Amino acid sequence: MAIPEAERHRGRARPAVVAVARVPLRRLLRVASVACGIQFGWALQLSLLTPYVQELGIPHAWASIIWLCGPLSGLLVQPLVGHMSDRCTSRFGRRRPFIFSGAVLIAVSVLIIGHSADIGWFLGDRGNVRPRAVGAFVFGFWILDVANNMTQGPCRALLADLTGKDHRRTRVANAYFSLFMAVAAAQEVPLDSSGRSTPIVEDGQGTSGHAEEAFLWELFGTFRYFSGPIWVILLVTALTWIGWFPFLLFDTDWMGREIYGGEPNEGQNYSTGVRMGALGLMLNSVVLGITSVLMEKLCRKWGAGFIWGISNILMALCFIAMLVLTFVAKSVHTEAHALPPDGIVITALLIFAILGLPLAITYSVPYALISTRIESLGLGQGLSMGVLNLAIVVPQVVVSLGSGPWDQLFGGGNSPAFAVAALAAFASGLTAILAIPRSGPQKPRGLT
């Protein structure tokens, strides 16, 4: 099915025609380094959110509900910001204003989260259950997640703008994003409204209500033009994040509960386990960075879809190893408050480190695949990132709502959620290997 030309570019400003120039890799590296700031926000969430809300008095079965604010904000914020940045006519560029605003919000939210207990005490919290501190923490977390999504989408779209239809450079740019991101040095071509580009909206229709209506129509209206390979990428992405999100929810909590045998606010074992889990996440980041450097060569040799599939199968094996290690750790915990054997702790840290490899693939390959395939549909890169974001956040909503009660149904702990994660990761790996072509992106159906 071909996209009508009027609909392909309707309501969307395009940059003035500029001579195509190959963007130097060092500029892509500078642009990608903005991810450093984003990653500080993500690291704060991944390592401390679940343990901290339990220490504030939230039961383990409901801790995952707190994470619901993350995917919901991603579901609404990133597609909307991507759409708005596609249309932005600021003299600073299409993406920079959103990236700067998101960075400011990240700084504010981190201050709120860090002082949530003090805020709760100031508002009247006393005792073990601190509802006002929980409210301040959740509010700060909402702002942090909105800010992360507000920054990450335009950053990725900016990389896609700079690389255009150069598929190799797109893969390189997204690999750099797995390391870090800095926008100040990128020579982005801003849009203007002087007649060199398509008007953003008709005169007199610049209200936010009209913009939101056009955004929703464009986002969901583009689905009918997607070719088979695009739907496969979205399916694999959804299954991948059903696999990842339980780990992101409960990684440090798993280390504190299952490996160290502790409980929040009961002795030092849980806190020690959470700190060791944070160390594991640091090792995870080191492996992620190394993998990002090597990713372009791997994808060029074996194909991005095949590499993605193999990494997801590796992820499934790691989750299975976590289930086995949980059983072993419980079998050796014979004394209360006793620390686990060094071999179990080292094995857990090794699993965290190995998971950095598939995480690097998840952070880059899907974005490269979807951006190169949607580009030929005539859509803005911000909107294409929003479409992929839907395949990420909808599974996260499901996991946030279901993982806590699912774990409680089987007696508590994190093992039931990790079992589902292993199945989803294995299914996504097989689908990627069998259904995503190893060659370059195919031309969408009906387009000439």
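The backbone N, Cα and C atoms fix where each Cβ goes, glycine too.
What TrEMBL annotates here:
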- 28-48: transmembrane segment (TRANSMEM)
- 60-77: transmembrane segment (TRANSMEM)
- 98-117: transmembrane segment (TRANSMEM)
- 129-147: transmembrane segment (TRANSMEM)
- 230-250: transmembrane segment (TRANSMEM)
- 270-294: transmembrane segment (TRANSMEM)
- 306-329: transmembrane segment (TRANSMEM)
- 344-365: transmembrane segment (TRANSMEM)
- 377-398: transmembrane segment (TRANSMEM)
- 418-436: transmembrane segment (TRANSMEM)
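Among the recorded stretches 230-250, 344-365, 418-436, the one sharing the largest number of Cβ pairs closer than 8 Å with the transmembrane segment (270-294) is 344-365.
Segment contact is absent for the transmembrane segment (344-365) and the transmembrane segment (98-117), given fewer than three CB pairs below 8 angstroms at sequence separation of 6 or more.
Of the two recorded stretches, the transmembrane segment (230-250) lies close to the transmembrane segment (306-329), with three or more CB pairs under 8 Å once pairs fewer than 6 apart in sequence are set aside.
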